[in-house]
Number of protein chains: 4
Amino acid sequence: MTVSQVSSDIGRPYEECGVFGVWGAPDAAALAALGLHALQHRGQEAAGIVSHDRERFYQHKGLGLVGEVFGDQRTIATLPGDAAIAHNRYATTGATLLRNVQPLYADFEFGGLAVAHNGNLTNAATLRQALVRRGCLFQSTTDTEVFVHLIAISLYANVLDRLIDAVKQVKGAYSLIALTEDGMVGLRDPLGVRPLILGRMPGNGAWVFASETCALDIIGAEFVRDVEPGEIVVINAGGLRSIKPFAESGSRFCVFEYIYFARPDSVLEGHPVYQARKQIGIELARASAVDADVVVPVPDSGVPSAMGYAAESGIPFELGIIRNHYVGRTFIEPTDQIRNLGVRMKHSANRAVLEGQRVILVDDSIVRGTTSRKIVDMVRAAGAREVHMRISSPPTIHPCFYGIDTPEESKLLAATHSMEQMRELIGVDSLAFISFDGLYRALGYENRGAAQGHYCDACFTGDYPISLVDRDGALVA
Amino acid sequence: MTVSQVSSDIGRPYEECGVFGVWGAPDAAALAALGLHALQHRGQEAAGIVSHDRERFYQHKGLGLVGEVFGDQRTIATLPGDAAIAHNRYATTGATLLRNVQPLYADFEFGGLAVAHNGNLTNAATLRQALVRRGCLFQSTTDTEVFVHLIAISLYANVLDRLIDAVKQVKGAYSLIALTEDGMVGLRDPLGVRPLILGRMPGNGAWVFASETCALDIIGAEFVRDVEPGEIVVINAGGLRSIKPFAESGSRFCVFEYIYFARPDSVLEGHPVYQARKQIGIELARASAVDADVVVPVPDSGVPSAMGYAAESGIPFELGIIRNHYVGRTFIEPTDQIRNLGVRMKHSANRAVLEGQRVILVDDSIVRGTTSRKIVDMVRAAGAREVHMRISSPPTIHPCFYGIDTPEESKLLAATHSMEQMRELIGVDSLAFISFDGLYRALGYENRGAAQGHYCDACFTGDYPISLVDRDGALVA
Amino acid sequence: MTVSQVSSDIGRPYEECGVFGVWGAPDAAALAALGLHALQHRGQEAAGIVSHDRERFYQHKGLGLVGEVFGDQRTIATLPGDAAIAHNRYATTGATLLRNVQPLYADFEFGGLAVAHNGNLTNAATLRQALVRRGCLFQSTTDTEVFVHLIAISLYANVLDRLIDAVKQVKGAYSLIALTEDGMVGLRDPLGVRPLILGRMPGNGAWVFASETCALDIIGAEFVRDVEPGEIVVINAGGLRSIKPFAESGSRFCVFEYIYFARPDSVLEGHPVYQARKQIGIELARASAVDADVVVPVPDSGVPSAMGYAAESGIPFELGIIRNHYVGRTFIEPTDQIRNLGVRMKHSANRAVLEGQRVILVDDSIVRGTTSRKIVDMVRAAGAREVHMRISSPPTIHPCFYGIDTPEESKLLAATHSMEQMRELIGVDSLAFISFDGLYRALGYENRGAAQGHYCDACFTGDYPISLVDRDGALVA
Amino acid sequence: MTVSQVSSDIGRPYEECGVFGVWGAPDAAALAALGLHALQHRGQEAAGIVSHDRERFYQHKGLGLVGEVFGDQRTIATLPGDAAIAHNRYATTGATLLRNVQPLYADFEFGGLAVAHNGNLTNAATLRQALVRRGCLFQSTTDTEVFVHLIAISLYANVLDRLIDAVKQVKGAYSLIALTEDGMVGLRDPLGVRPLILGRMPGNGAWVFASETCALDIIGAEFVRDVEPGEIVVINAGGLRSIKPFAESGSRFCVFEYIYFARPDSVLEGHPVYQARKQIGIELARASAVDADVVVPVPDSGVPSAMGYAAESGIPFELGIIRNHYVGRTFIEPTDQIRNLGVRMKHSANRAVLEGQRVILVDDSIVRGTTSRKIVDMVRAAGAREVHMRISSPPTIHPCFYGIDTPEESKLLAATHSMEQMRELIGVDSLAFISFDGLYRALGYENRGAAQGHYCDACFTGDYPISLVDRDGALVA
């Protein structure tokens, strides 16, 4: 028995998510479950796998962590076949419906097709409206279903031409993988904002798509190359084929993947994430030195930058904040009294390290500022004498429309406060962010100018490389 | 967490089912749950309600009995509004998927619409194929979704015209109710094969649609009239309106509703079902008398006919078979040893009544014959000296394509065996069925000829009044 | 995850229930599940089975119907062995806890023992208090656990002597079955108030205990004999042994089993229940004749008496009230508005039979009177011109302390109202109950005097044959 | 519906677990849930809370993480009162039964009592056998129930005297908290092997017991003092009272709490755990230096020691192994093929840090050696040129009988292999453990001799300070 509220509401769909696909390996669904597990940091809300055994498609989806949805081998046994695509869903606000969980599967005139994507379309609402007007019935509120309907109504004869027809009509920052009855497809948007890599298993030569390299590592697959911006990679019995259907493409990879989103042991476009973060810490220490006793990371994403900061500054690195990893999705603060305790379910202060010390806290970003304020209060309550905050990203002053969950501009602390106001609000003795030049130096460029055109940093600059159709309306060409 | 196998298989969809709708009453969903409960005999597999509170639609569906799905008032509380439509689903073979449970809801260009129907379309597969070719994506395997897509792609401007556009394209035997943002619609197919009645609540004047009058009784609503064959009844703020969109209509009401399907306390087209069944028993006794000691019904549907038989013949009526009403959906016979016991989960013999007696068993129909054989064996094992079987329907020799669950012709005992072969197979001393004339006399006609054109009795005669498009292919007009 | 409120409250434990045991048959648990299914009318709240495979005990219990708890063969597969005892629990008010579901199993010094009983101890609270004072920890609120602790602390060496030691200390009306590592035991209290029968399977000679014969019929077992009042029947590898440990025993079988509780196809102490009920109807017709058009039973238990009444009076028997058997445990009336509709979830009126008629309603008993009133109202609303009520039991004026669920005296309509007051309250034109002499004539005695000492009819007479220790306090010997 | 196999098996009960109690605070159960959350590292299998509202006891228990069992405020709302005790259960092998989840609650002659304990009794089986012989019925397989029965059968008049009577009869290493109708009790075994601390909430003065200080921090309570070895602390309306019922007591605190079990931000007996671990790393570096490029911890428990090692050696500290914290309880490796991939669900190598490097791995202990081998293989596969392993505990050569989950001696790598054999098996270039003197220096003593008698280190030395009654049999005094 299941309750499902009917809802026409389509929220702002932040679909960072993780995608994974494998073609040509026995136990494909089991490999997919492992791949999803390695990509769990990209989405904890739900998970799904569609497999194909050269005869039929099989599907299982569920709300929760990969281990909860796919941890039981009896579930995996319901997903036979040597091809599978898989998806991790990110926890956005509001009720999650199972029908929104990807991959989406549909029976078309030409046969079955499963699709999963990571990212966000900027003309999804516009397209959706046009499709509904044409008589298309939407079953979910995901952008993925826009792809599915575009494919369904395309007049092209074969599935690949229909897929190309569809992706030419969408605008956005996304990677997409699809599974048909005889092949697997992986593609990135023309600017390659969201990651997608290609790998291969050493023994059986099975091909693998994944959002990050860590998903190759867990199954022992080898990294082959990044799927290129605007490239469609088609894998089938005839081998691998590359198609570049877009007139224009470029490279505007999301710089925030380096700062926060990707796993530290992944390698993005040739750069190890861990080293990049550490290097940002080094740049921060050079530009924003302060006299202190300890460098303390806000775990987990602040750790490598704090290590870099400590190494460069010579100030000892200490675990002054302990993270409780058992925090589940469902812990609800029960009463006002408890809420007023200012309980930190995720973090606790390590008094032995903090008491009486001048502390440099290193964190990855300040969004609304509320979490930072709570952490600073906690560190002070544990006896810190001074608290200095160093942030491994530039100030976040614009929302992301390309798949990263950020609030609207009015709720971004840095968009509405001066540096001094922020410092005061958060309650620190000093506050500094990495500079643009520092950030890009950490990624191997001389300065921001040299990196120009390689990255999307719209959340820091407002320079949106893909038109925001739904927000701004379609422009006359 | 939910498992759903992807399946393109579309079985032969027997959707007897029960439908209910109410418009203009507070607690509409609660009334709908009661209505479904009264119609539970029409479908025990699943139940669903969609309500509307003049602002939004709400929906709850579940597998199981109405009391299991809607028995909890907290569930009803999630379905606010003064309008609701509801559906009971009949248990067909194969796995039941929640997405097949009606009413189906969809967001259209013109707004939301919920639809539920009872019956079967004879050109569903043909239409479905055409719709898929056009780019429509089907989410369920129900005929109802054919209506939904036809409505979605219709070029008419308002919902009612689109609905008419849709029903004009379908062939079949069905009743349908729909709920829009500002009204409720009820309609019967042009020949009125499946029932649909209109009622009204005395206090608040709320309008009610239901498959049978027993659903009016439970909520204290008054019977207004049958919806007419081919009639569309539209209820909205402006009151009730009747539309007759079909060029031709007639009346071929399903005679099997009288014999078996409807509840004995319902009144169908002016005839009380209980009296009709009793009268059939009287006709049977007149035509097929036999010397015996007791008349024993096969409960529950055989009871009124057995009472009629006993009254007419003067042979005592006795409850020689006890029915265990606690039989659930899930009792699985565990081992061969148990299976060989010939266990009858539903029926047991009342030896005190049967031992040493000459028994007349009265049942409603013989389909495959296996159940009859088991019951006769049980009655003999309890000591019956003779067993005579009387059946309150003519021999079933053709499958129904209009919504009643019957196996294909090759599995119908009467289609492949002579009367004497049947008697022997079932193991009775004599066997007789009601005659066509007897059946229609029981319904108030002089003979079958006089009832000609008023009823569908295709399962007994092979005279199919609605073309079987999917089976035969579309004919050239 | 399970919620269990800690509760020290021990309600008045009405444990009508059904018990079943089988020893020496493969698939013992499957047979036990079938036996419980046949005894489902004795308790619908919960069910449990303990099996033994000559090495270990296995147990499964659950809330709900037998088909819900044991319908899945995978559950039965967790209960191996050729011996099993089983229990159906009756729905009493208040929350049901799984730990109260029988059979109770415990590890003793001498090994494991499972116990299930049907009935009620009249000194359970007194014994419980003494046991707690001695240091016994109770885990449930069932009387069965009193047996278990008495066995645990007994100083006798073997399990049978301990069991005898225990039953000698309890007072009450009960049947009990127990399963040890090498045998099965069945016993009835010294007055044999509650039923227990012995049967045997034809092929393998397996022994069976059951509350009623209908549980033998379902598995094809043969009736051997009633376990006698005060008899302990021990079954083990050495065969069957009978022990009579009580100095005094007698026979005070519960007459209400005939009137209402047992299944109509069961045979109690040699009397078929169906015939007894029909005969009561005949006696009622003789003593309380009234001019009328139809005799209508309140289904299901009133049916045979109504048939007897109709046969004797010559007034036609008609099904004027239809019972909806799909009523589940969980249907909650959602709102006041609905409640005020006077909805009858279980019964509906068959207007075709009632309208304009003078109706004799036959029911089994009047307890509080509220249900009778509702039914009479419903029958009148369906157009009955006169309503006469005939009851197949004497007026219920005392509570039962021996296992039948009756409210306290102040809530028994007949205990506080005159016959005329009752008639008026229930709203009938005439009201009559079976006389004591009529009741016992129906059971084959000349009059009540001749049946004296054979039956317990305390609920009608207040003549309690077993001392009510908990209610009255222990008496000085 | 619930399946529960009957089992007499009593496994070796390792009950490290975490306990928490609060007395005199509104929302006591909510505070208890937070306390359990902070102590989640001590047991992830199950959690339970019993509360008391000065009138009744309330209880909720469940399998899973605290957030899963108590994350919903509606659950907390079922646990009213200003007093509560709570328990986290550690995952031991074998099926977990809900009836084993603590606190255990029982109704005694004197009223209700709830008990929870952390640790292990060494004469539990011996006592249990004697209690069963006396007629006590056990419902669980936990040691806690031994306490409960001893209290039940004690002849003392009040609950405190009975509790003292009970604890005097048990041998073992445990901390226990109990909740009665008018007070809360906390106690440690005579040698104080397992931790228990006393805290107090600043505003309302509520008293708190907890296994570790981190559970005080999360609710803002202040540390008061450790409960002393052999001390019973009684809290009731009259305030706090200390009782020392044992003739002899001492101090043999579990040294493994420092090394591995406690949370790094806790303070044990005045020593911050984080500092102790870091200091062990410093001692390790001093005693077992090796030329290398990076110091890499095996996360999470190896991190502080690795930091100490790095700081002392001057070799850079790097996160060469990434831990995936999303590993749930249920991830089952599905097939042999997958198993052969040697998948590491919990850890992955950070190639950017390891490739071509000479790596010093720091871990907390080697038990069976299989995990170490896998991690070393993974580090080598990521390109490490040399791998040196440093362990922050002495070799584990004896099982713990006092509550830490260790395998039997034959499965302890260090008990059956020489240092060189171990090095080879694990596949490292060098292997070193902390020395006893180094360990105790890190805890502030001059050497092991100086710490003699303050700690239990039986797992490293075989010097068991509490007699192992169940293992060895009771000795003649």
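Just so you know, glycine gets a Cβ as well, placed from its N, Cα and C.
Here's what TrEMBL has on this protein:
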type     : residues                               : note
ACT_SITE : B:Cys17                                : active site, nucleophile
BINDING  : B:Cys254, B:Cys400, B:Cys456, B:Cys459 : [4Fe-4S] cluster binding site
BINDING  : B:Ser301, B:Asp363, B:Asp364           : Mg(2+) binding site
DOMAIN   : B:17-238                               : domain 'Glutamine amidotransferase type-2'
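Sequence features annotated in TrEMBL and their locations in the structure.
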| residue | record | DSSP class |
| --- | --- | --- |
| B:Cys17 | active site, nucleophile | coil |
| B:Cys254 | [4Fe-4S] cluster binding site | strand |
| B:Ser301 | Mg(2+) binding site | coil |
| B:Asp363 | Mg(2+) binding site | strand |
| B:Cys400 | [4Fe-4S] cluster binding site | coil |
| B:Cys456 | [4Fe-4S] cluster binding site | strand |
Nonlocal residues around B:Cys456 ([4Fe-4S] cluster binding site), in sequence order (Cβ under 8 Å, 6 or more apart): B:Ala173, B:Leu191, B:Val193, B:Arg252, B:Phe253, B:Cys254, B:Val255, B:Tyr402, B:Pro465
Sparsest-packed among the recorded positions, when each Cβ's other Cβ atoms within 10 Å are tallied, from B:Cys17, B:Cys254, B:Cys400, B:Cys459: B:Cys400
Chain-internal residues, separated by at least six, CB under 8 A from B:Asp364 (Mg(2+) binding site): B:Ile259, B:Tyr260, B:Val298, B:Ser301, B:Gly302, B:Ser305, B:Ile391, B:Ser392, B:Ser393
Close in space, distant in sequence - B:Asp363 (Mg(2+) binding site), Cβ under 8 Å, 6 or more apart: B:Pro297, B:Val298, B:Ser301, B:Gly302, B:Ser372, B:Ile375, B:Met389, B:Arg390, B:Ile391, B:Ser392
Averaged pLDDT score, the domain 'Glutamine amidotransferase type-2' (B:17-238): 92
Integer Å distance between the CA atoms belonging to B:Cys17 (active site, nucleophile) and B:Cys459 ([4Fe-4S] cluster binding site): 18
Additional residues surrounding [4Fe-4S] cluster, by Cβ distance to the B:Cys254, B:Cys400, B:Cys456, B:Cys459 centre under 8 Å: B:Ala173, B:Val193, B:Val255, B:Phe256, B:Tyr402, B:Gly403, B:Ile404, B:Asp457, B:Ala458
Cβ atoms near B:Ser301 (Mg(2+) binding site) (within 10 Å, other residues, all chains): 21
Cα separation, B:Cys400 ([4Fe-4S] cluster binding site) to the residue listed as 'active site, nucleophile' (Å, whole number): 15
